Amino acid sequence: MITTSNIYTKCGMVGVSHFPWGHMKSTVKTKWVYSCLPAFTSINNFAGQRFIYKTSSEVLFERESNAVTDGRLQNFPVSSYETAMEKISSLITRQRRGEKPPISNKLEIMSLYLKILGLDEDINKLNIIHVAGTKGKGSTCIFCEAILRECGFRTGVFTSPHLIDVRERFRIDGIDISEDKFLQYFWDCWNRLEENTTEQLSMPPLFLFLTILAFKIFISEQVDAAIIEVGLGGKEDSTNVIKEPTVCGITSLGMDHTEILGDTLGQIASHKAGIFKPKVPAFTVPQPPEAMDVILERAKELMVPLEVTEPFDCKQMKGLELGLSGDHQFYNAALAVSLSRCWLQRTGNWGKKYQKDSNLPDEFIRGLSTAHFSGRAQIVYDSSPNSDCSEILSKNCGGELIFYLDGAHSPESMETCAKWFSNAVKRYEISSHSSFEVENAEESLENGHFLHESKTLEQLEKSFRRILLFNCLDVRNPHILLPRLVNTCASSVISSDLHGIDLSWQFNLQRIWEKITHGKEMTTLLEKDFKIDNKEILPPHEFLYDDASSGCHSHNYLARSAVIPSLPLTIKWLRDCVRDHPSTRLQVLVTGSLHLVGDVLKLLKR
């Protein structure tokens, strides 16, 4: 769904199709495999699929990998990785989100799996930072990992979900685990678990298996610090098999996964505080009173030393910026600093180096400034095959098509995303204004005249168009999510993944967007007239540039929105718009789903 608007500079929104589980039953036989959640975009036009990996030929670069700790690495055939992905896909349970999990005694079963692999005792030897929360837990883990790595420790971090390759979930010393190492540990776990399956104990579901694999990797790689992100909730999450963490953290809490965790902040906080262990220090950020009361009560019950961190003071960075963008990262960074300092203290490493210095150590500053987490407040300057820019991710490209990607998917995170995007585009436009004025002033002086500033700004104002590429799961409420983006991007585009599929979800998002921006219901049901083979399936490029007040609409697009049947087609359409209108810069916000963000990144990096 692409939409445009007259607010400040015109904007667009692209909403990508969502497929409920019923649409996941593809009849297409393919080597690509599914991830644990239904896909909303498909790179190769297979309905409802999300790819869990990329083939060797698609890997753009590989950093060097260390040898496995026992000094032995098997030589796996090329097809071994594909086979491993097929095995992983077999663990995906066809369960609608919100339904009761197939395993009720998850932690008990996890313990059995770990015992089979001989990992049950070794887990307690890992120095673990365990992090739960609604928003920012992944970013906090990444900050912690970067800090401790800069302090000279061997680190392992487990996060979810992945965006392109399942190996992203397992980082050793800040680098995704290599394919060879992944296969070594994967097959060891898989074969031993498969050999011990019974009628009472089947192979573990996907996330349980990946959690087990993370423990296997970190134990085998002999990491000094293991940073573990909770998958869902905390109390009943598979990662909560950890009995003796070094320190625990809870990031900002909000209303998410309410169908599982409860529909009040108190109930949600109860799940998150479930990772607390007796007398193990814990840290959290400022929380709503209802949530904080529950956290404090749980800490008191377990005699947990609990500290509430204040937002990070950027003055401590000595002129550098946080590696992860957005004002919300100041809370995550402060929490990471507290967790890392506590980890160093409890492992006996703080006093050796930092006890006499009250300032933020240089190693902490380097870690905070170099942390990187794809798909979270990430800016990508597109370098399409037709572009003269050779660097896809370089900020020096000055590209005309810029993607702002953030996997926000809750009401609170959507507001945070909108604020980040608004600030980011304003900074870019101010920078462009300054550059434009200097260049034109020099040119004008050479020609013996000077261009008035107001005219320069007016021209620049017309050169920027903001577009929203959006998607959300059908269990989320777009009536709550979309209004938070209206003042930032008041135009929209919704795209789907496969010709011929049901586009009702896309048209539903379009109706909601149009009602928000127009203040009234759409007067026509455009989906009835929608034909995949229609020559007008794509809106004309003028859709982004014409005055939205004209209210014109045709088939799949209106004044502020349009439906496009595939994500690759949407990206191509955007690139064509920029190519045919060289004076225009499109700023595309991609949000609502980390799966959407991952698929867009894969398209941009091809």
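Positions of Cβ are set from backbone N, Cα and C atoms, glycine also.
Fair warning: this is a prediction, and the values are worked out from it, not measured in the lab.
The domain 'Mur ligase central' feature in TrEMBL is assigned to 131-278. The DSSP breakdown of the domain 'Mur ligase central' (131-278) into helical (H, G, I), extended (E, B) and coil residues amounts to 69 helix, 22 strand, 57 coil.
Summarising the annotation, TrEMBL assigns Mg(2+) binding site to S160, E229, H257. With a 10 A radius on its CB, H257 (Mg(2+) binding site) counts 16 other CB atoms from all the protein chains.
A C-beta separation below 8 Å, combined with a sequence spacing of at least six in one chain, links R376 (ATP binding site) to G138, S139, L324, D406, G407. The ATP binding site annotation in TrEMBL covers R376, D406.
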Mg(2+) site, defined by S160, E229, H257: further same-chain residues with Cβ within 8 Å of the Cβ centre: K137, G138, P161, V230, G231, L232, D237
